[in-house]
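Here is what TrEMBL records for this protein:
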| type | residues | note |
| --- | --- | --- |
| DOMAIN | B:13-257 | domain 'Thiazole synthase ThiG' |
| ACT_SITE | B:105 | active site, schiff-base intermediate with DXP |
| BINDING | B:166, B:192, B:193, B:214, B:215 | 1-deoxy-D-xylulose 5-phosphate binding site |
């Protein structure tokens, strides 16, 4: 009976098709086995990797690739730790040279302690990267004007924050996420801010195409169980969006004798 | 790898053990085939039935039992439509005589349009039913004093509202749900108010043992898909609760000019 | 020009008429001079006094009455600290004998740590007090069925909590406060939970007749300034309610591609 | 007694000092007498005027200046209706030529239906205006990186939105407003989104220096009364901020027999 509704609900970014709508980070875990176990449990098909944190100097240290196979997962290099357009562009060029990755996640962050997206730097870097042939998924403010412009420049996915990186505050401004989605012709992903399962489901219920998160899993008490929770939550939110929820209505139910919970 | 965390996470009410933490209603659907398909997709093991709405007069009309097998599902008779203790007690006595059901869901509702639990009537009916040998799962206000008293009287599960029946407002007062759960030694279920998947997940993240809902599925645009969403959402919320979420933390005040927003 | 709108906006409880819609407590201050200064700044005409905390044994200790004149303020004795109907009734009988006070505030609280209203005890005490000729303003849960019943019993004002005493959580469930107000024919006051000025204004915007608070002033860093803030906030909320706010409107969906966000 | 706390609490922008922390718009009213009455009731010392809407062609039409005296109020020309940097700059140059106004409010809005600040256009216009000797108060997104940069460019006040213009949604993202305020050395005003009194008070409780609003007054059922409400609300919010609110704490009060409202 379940089968009736299990039509294909995959999504596409930059010409690649995915079934999972959850993208996960690879940092902040205790160790690489835990990283691998959590990613496995999350069901993610795309994992994002901070290029600047990748081990390149110590030949005896374990490698992410040995635990999270690039054959199985789509690696999405990101520019975490870059605070200027120049740094971000240079970082992704290095990544392309080293690994051939062309589909990238751009983030240019403002100074601490806020680590909010630096939109001026983001525009500058996006322009340079697109001119350079990259396919750019872009982390950005929850600003519908900026989001539209990034799409028009050629970004392949728009990724507004739910809340600042690592804050676990959820989707603080759902109105703007919805506004960004309403006008977009490329995928929209909530990236950053998600802290627990209900928040991931909520992001999907807003109509987003996917969710990207890292700390919510890596910093949970039990990362592997939280990864499983996130997998289920993203699916639940997507299904709930497609199923079209009942109206929020502060009146009693239609089956009751008289209608209207409140007069005013 | 998933298998590592799939320890048994069943729960028990009145000596019966269940794996699903989602209880669903059987009313408000288009027809009985839709009812059956949605219940199947929800993964529920317990279904609640409004005794007063059960067809008893028209012998040619289809029967719920023919679509939702009492062999497979635990039927939980409820007193929807009862506005006095007397009505509720009489209704459940009839149900016991007819079907042998001893485990019941008591609800005594105030007058329309609010349909808020009538707690005085609820206490009166609960006392009579418990004296009469029933095992009473009780729908109630989000009132921790009343909840504790209902437990001390012998109710086998406490079921505070998230929001009024049919409102789809979610869990309006999470503090009180948590307070009720913190002191309870019997299962606590959020019953009524859930409107979509993220809200069901949120109820479970508060530590509740299970969720009971009806309109959220039956009144969705696509009830079967929403049932599937709810199944996943309840599982996600339960796992997220057990996994212990990352802290919500947004340090952005003047007193911490240099400290980072995030720990990791 | 201001004068145009300064029509009389007084309210009445138990046949007495007041202009201030802010009732304040007298406890939890550093000392009696601070108590007096804060009450003065609040503009309150009614002050509520915990009978059980009134000094009766030490003849040399300062008296509230010497700082907050019973000639100038209407004293409203309350039953803070009473956890049973018997205690509450006895306490108010003593207060009437001692001071002649007939208009009283009843509160019967559940056990710590929650200190939530004990509604069963509240009903029992209210019945006894009304039978005994008291005019009862009653602190209660945000439960519209209970509220209506308390009014029908003869309570002269219904005072649902915004949030538990001393929590400063604001009005957690505005829907229920509105439901209680919509059906009431006696004054409805939010009592408990208010933590700051905007929350007091919000309570008044819901249509409440007045607000009662204590900790929000007494536990502020600067109680006298907070008292002044509360006076202004209650007036602001009342005026905003009467002025009828603009609609909340955020049209940002795909179905209105050209329509403006705003009407004007 | 009130006098004790009535120390001077004025604020300064671009070397001018004001006592009122409420700036109001002049548009969207029924007629000019209503505009004048509402502004009077609001207590505002600064009024903002959409240069593009000022009547310049019909010599027989009434003039705002005849109702709202430029002698008494500081006129703050704004660029409402401008969707490019060029339009905004040209509009304010015209205003300066016509009226000598040098202190201006810049807003460059994105396309309908969202009317969200166009930050790229805003930066461009701000740079041109500052180079041209204007003192620029700037309407902007709730983006702390952009806000800091606008200040560093020389803007004399930062005015992040609470919510889109005319939406009446309140302050949707208080965390970002606080972040902007925490790092600012020029005044921060919430501009746009405020719908009612409690929301204006809340904006001030976040520590903002002032609030700018228009629709909340002009589109209320009774604009003059709402103007009075806003005056009181802004004062209340400011006082509450200075008084330092009690902690939000979901535990019972210290004065109660046992502590700790919830264990977990």
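From the backbone N, Cα and C atoms, a Cβ is placed for every residue, glycine too.
Distribution of TrEMBL features across the structure.
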residue : record                                         : Cβ neighbours (10 Å)
B:105   : active site, schiff-base intermediate with DXP : 26
B:166   : 1-deoxy-D-xylulose 5-phosphate binding site    : 27
B:192   : 1-deoxy-D-xylulose 5-phosphate binding site    : 27
B:193   : 1-deoxy-D-xylulose 5-phosphate binding site    : 26
B:214   : 1-deoxy-D-xylulose 5-phosphate binding site    : 26
B:215   : 1-deoxy-D-xylulose 5-phosphate binding site    : 24
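Averaged across the domain 'Thiazole synthase ThiG' (B:13-257), pLDDT in this predicted model comes to 93. Taken over all pairs of the listed 1-deoxy-D-xylulose 5-phosphate-binding residues (B:166, B:192, B:193, B:214, B:215), the Cα spread reaches a maximum of 9 Å, rounded to the nearest whole number. Under 8 angstroms separates the C-beta of B:166, B:215 from a C-beta of chain A, among the recorded positions B:105, B:166, B:192, B:193, B:214, B:215. Between the CA atoms of residue B:215 (1-deoxy-D-xylulose 5-phosphate binding site) and the residue listed as 'active site, schiff-base intermediate with DXP' there is a gap of 17 Å, rounded to the nearest whole number. Recorded residues residue B:193 (1-deoxy-D-xylulose 5-phosphate binding site) and residue B:105 (active site, schiff-base intermediate with DXP) have their alpha carbons 17 Å apart, per Cα-Cα distance.
Put simply, residue B:192 (1-deoxy-D-xylulose 5-phosphate binding site) is 13 Å from residue B:105 (active site, schiff-base intermediate with DXP) when counted between their Cα atoms.
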